[in-house]
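Per TrEMBL, these features apply:
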type	residues	note
DOMAIN	37-150	domain 'Plastocyanin-like'
DOMAIN	163-313	domain 'Plastocyanin-like'
DOMAIN	427-551	domain 'Plastocyanin-like'
SIGNAL	1-21	signal peptide
Amino acid sequence: MANLATSMLLCLNLSLHVAMAHDWPGGGSTRFYDFKVQTLRVTKLCNTKEIVTINRMFPGPVIYAQEDDRIIVKVTNVTPYNATIHWHGVRQKLSCWFDGPSYITQCPIQAGQAFTYEFTLVKQKGTFFWHAHVSWLRATTHGAIVVYPKTGISYPFNQPYEEHIVILGEYWLRDVVQLERQVLASGGAAPPADAFTINGHPGPNYNCSRNDVYKIEVVPGKTYLLRLINAGLNMENFFAIAYHNLTVVEVDAEYTKSFTTDSVMLGPGQTMNVLVRADQPIGKYSMAMGPYMSAQNVSFQNISAIAYFQYLGAAPSCLSLPAKLPRFNDSLAVMTVMDGLRSLNPGDVPKEIDASLFVTVGLNINKCQSKTPVWNCQGTNNGTFAASMNNISFVNPTISVLEAYYKKLVGHFTEDFPDSPLNFYDLVNGAPNNAPNNTQATNGTRTKVLEYGSRVQVIFQDTGTVTTENHPIHLHGYSFYVVGYGTGNFNPQTADFNLIDPPYMNTIGVPVGGWAAIRFVADNPGVWFMHCHLDIHQSWGLGAVFIVKNGKGEMETLPHPPADLPRC
């Protein structure tokens with residue numbers, strides 16, 4: 001610590017000034033936004049390219065609101081790409097038509113078309129984000145949603161001096177839509193990103209990026225709220241600030257009992273609010289984002305993105321102090337944070353269960369069916385990569401599942417997603433991996449139908465087929481209680497469930513070689529996507545759909561579709 005203090009003295013700058021705290025929005029209950037899907041020419045990593053954005057902003061515009069506000073967003077597509085916007089974490093109570101996943105609740109907004117999303121933030125507050133839900137456009141088409149408590153209601157922790165949005169991302173030099181097509185056509189793995197980014201900036205570790213750095217200026221002694229969002233595509237990430245602790249107070253837009261750690265891990269789709277106190281000597285401290293890779297034999301980007309947590313008074317020439325991130329495969333660090341997550345208050349956790357599912361999640365290798373295997377069968381042992389739930393790879397229909405369900409159109413999906421896999425064995429350690437002879441998946445657009453009001457439990461089980469891996473599983477339309485998780489195969493006789501104050505989340509990292517148990521009440525009618533938020537896994541088919549039937553009366557019934565619903 002003495003060496004730290006000495007080095008910080010060299011960073012002192014006498015021209016101190018004070019930053020003002022951000023005021024909460026106030027006023028009306030309906031907020032209007034105009035989103036234009038547009039391309040933006042950017043120069044990063046020594047290269048210039050066009051990226052798809054909203055309103056030519058990268059990251060995109062922030063939606064600010066208060067609990068119970070109504071949000072209306074007109075999205076106009078002026079690019080040649082298909083587009084939709086998903087409002088990640090918003091439970092879309094009775095507004096399933098506006099959830100946004102392509103071919104699940106709507107057809108894409110085609111070039112030159114527009115669609116207006118309308119939804120209410122019913123009993124929701126915290127950090128959310130919006131992102132494209134077509135192909136891999138989320139890479140650059142994303143932004144934050146900040147929902148404040150109602151006027152007069154404070155945070156359940158001391159008011160921070162300032163708040164800052166910190167979006168973790170991945171950047172590719174190649175066109176991501178073409179990249180997805182090429183990866184799927186090859187049958188092989190996806191290449192790693194060319195860079196990690198913090199609020200769109202790679203930081204000084206990358207070529208031509210010394211000045212392409214995000215910075216937060218802080219006042220000594222003040223406490224800051226960082227709204228962390230992982231908008232990346234195919235990597236989970238650690239985050240840390242040099243010599244500073246992070247106090248977690250919210251996960252997936254739900255308050256938690258506060259606990260302190262030196263690093264956190266966010267999978268794509270996860271959000272986390274942390275408090276950071278500027279309690280170190282004046283200087284410039286690195287905020288670092290690095291990889292968490294739990295799978296075997298997968299190439300990944302291992303250069304950290306860097307931003308600065310810079311004290312007012314630090315000299316411009318001051319060197320930044322490095323942040324210490326966990327090792328890239330440190331699953332214990334991940335589990336340690338998960339162990340600390342508890343809901344702030346006791347939850348209304350379902351104690352009795354009406355519908356119980358056991359769902360395996362993992363990768364597959366299918367046999368080559370191509371006449372040009374050198375081009376199209378680049379997976380393990382000349383097979384093609386796939387991914388599945390209960391060994392079924394989800395296939396998008398030609399119109400949205402919701403439209404087909406609502407209009408009773410046959411032939412677009414089936415209602416036979418199984419409650420459990422066909423075969424049980426040592427799923428983690430004894431899974432078949434003689435690829436591609438016994439690692440194949442079945443294709444289908446299969447759904448699971450739930451009665452309105454049913455109390456649902458899902459056990460997600462990672463498998464060792466191809467490789468075990470941590471999978472961030474996201475459920476649209478709901479938050480759920482994470483009542484248990486662990487390593488190895490799920491054993492109901494030994495599983496330890498928390499039915500008092502489990503975290504209430506919308507995206508759960510199913511542990512590498514392990515399991516996670518969630519519970520929720522199916523009280524929101526509609527069609528809801530459940531999928532891995534690693535986009536390559538989603539592209540390979542790691543997803544399924546819940547159909548929640550109508551209850552009784554208008555407040556338990558799916559409304560009719562909007563007049564401007566896009567057509568396929």
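Backbone N, Cα and C atoms are what each Cβ position is placed from, and that goes for glycine too.
Those TrEMBL annotations? Automatic predictions, nothing curated.
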Q | DSSP helix/strand/coil residue counts for the domain 'Plastocyanin-like' (427-551) | A | 6 helix, 56 strand, 63 coil
Q: For the domain 'Plastocyanin-like' (37-150), give the DSSP counts of helix residues, strand residues and coil residues.
A: 6 helix, 58 strand, 50 coil
Q: Note the mean pLDDT of the domain 'Plastocyanin-like' (163-313), expressed as a whole number.
A: 98
